[in-house]
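Notes to accompany the following structure.
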Ligand SMILES: CC(=O)SCCNC(=O)CCNC(=O)[C@H](O)C(C)(C)COP(=O)(O)OP(=O)(O)OC[C@H]1O[C@@H](n2cnc3c(N)ncnc32)[C@H](O)[C@@H]1OP(=O)(O)O
Ligand SMILES: CC(C)C(=O)C(=O)O
Ligand SMILES: [Mg+2]
């Protein structure tokens, strides 16, 4: 068992409901905020920044209710360096068992210019606002907004004032995502070494992702001595977002050998909350997002899939179950190999020998070349459409169909009938009608089309269509089915499959065989 002391523990401060919600378009409803707060509380987040109570009646109500319902987490509200903001914030969070007022002001030259305050005047505002907050709440966090672009001497001076006024957490925001990891670590280290009273408080890091360095900067800050990371689920937040909670938490877990600090997060809850935040904020997670992206535990290429099937550690540094996923995904695509295909077929109950695997693999690659992603249903359709093809009396060799607004559709079909090539051209009312007519010219028959049904097996415009055709002739019924990314090709093959079944049926009737319905799928 490893013992963790306070200095090894990193406090996770989640601001999905405050900074995350500041993303344009990410506004959440009252109930959605309560739901997300409940999930954050349940997953072990130490502090939830639930909102900015002065901002609106809705924000105030949400923060108040979250404060009343919290069971484990400390509930924090944001306030400007204004008495009215701080009072309103306290009003909202006071009912929480554990609460915090977070007050801030922009300290860099650019931000001092906005309220047009001199350094001394701002120092006074900081002293008064933190003192006021501390008089209301015994847990106060102070942030010098745009700290990473604030003059060093002034930064030290205002932090000292905030500590003396009673702030117990000093947050160092990289408000515009400007800093780099070496600076981030150095800044925190030097502040702790320099500012009087710094060893009595916790230093926090609050990074934005404008240059894609938020996670690296946060972890560097921890290496420099910070013990609170401010972050959001999925990295939601202003502009390019905030540090992603799931990234820092998993980085500390996976690389604990070089970053020996722990968090209280139950990482198995990560996937669920990520999906809920994506759903309620309307901000979909990018496929290749670390930890929670759709592809974070997916492997398509053959060499990777083969490796994964032999030993998951070959291409995965964490287990999917660590973040709440049921398993790795090995989607099949044009880069996949035989090992993954065989594994997938076995999952569906198809036991194939080496020869059959070779044959299926060729057809699979043809399909994968035409499709972005080959889904499970595509594989099943592929297996079914390949069954018994070799013994068929009628086989399509090639086909060309012309259709559009300029006139009737025209189909030219070339078929092999018992080893002989025959072709025909026919026009019709649409591409499928023309195709079926051309096939009937090549193989005249009186079969009546009882059913023609098209179904998209998978999603997208490149989806495979499964076409089912049912023919009736002299009381005999035969069905055919085929899947293809080209609906007209699938239609032609399904029609020909049904005709082949009728031919078999005719032969069997001639031999006095049974007259039950025979379908393509029955003939194996
Ligand atoms: C980096 C960050 O994430 S900071 C947090 C940003 N989040 C938000 O702004 C979301 C919530 N904000 C709001 O709903 C509104 O901006 C409110 C209610 C806070 C204020 O609304 P308004 O009174 O209409 O002011 P407005 O938004 O136009 O401008 C901000 C005002 O706050 C002042 N201000 C900004 N930060 C601070 C601060 N930390 N302390 C004191 N005053 C501040 C500005 O100087 C400006 O003052 P002015 O009106 O006297 O010029
Ligand atoms: C309010 C502060 C902490 C902030 O969000 C920032 O500076 O980015
Ligand atoms: Mg921020």
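From the backbone N, Cα and C atoms, a Cβ is placed for every residue, glycine too.
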Quick check on the annotation: TrEMBL has 19, 206, 208 binding Mn(2+), so which of 61, 242, 256 does it put in that site too? 242
Result for ligand 2 contact check over binding-site residues 19, 206, 242 with Cβ cutoff under 6 A is 19, 206
Neighbours of the Mn(2+) site 19, 206, 208, 242: Cβ within 8 Å of the Cβ centroid, same chain, sequence order. 15, 173, 175, 207, 214, 230, 231, 232, 237, 238, 241, 243
If H, G and I count as helix, E and B as strand, and all else as coil, what does DSSP give for residue 19 (Mn(2+) binding site)? coil
For the region 'Regulatory domain' (395-524), what's the mean pLDDT in this predicted model? 81
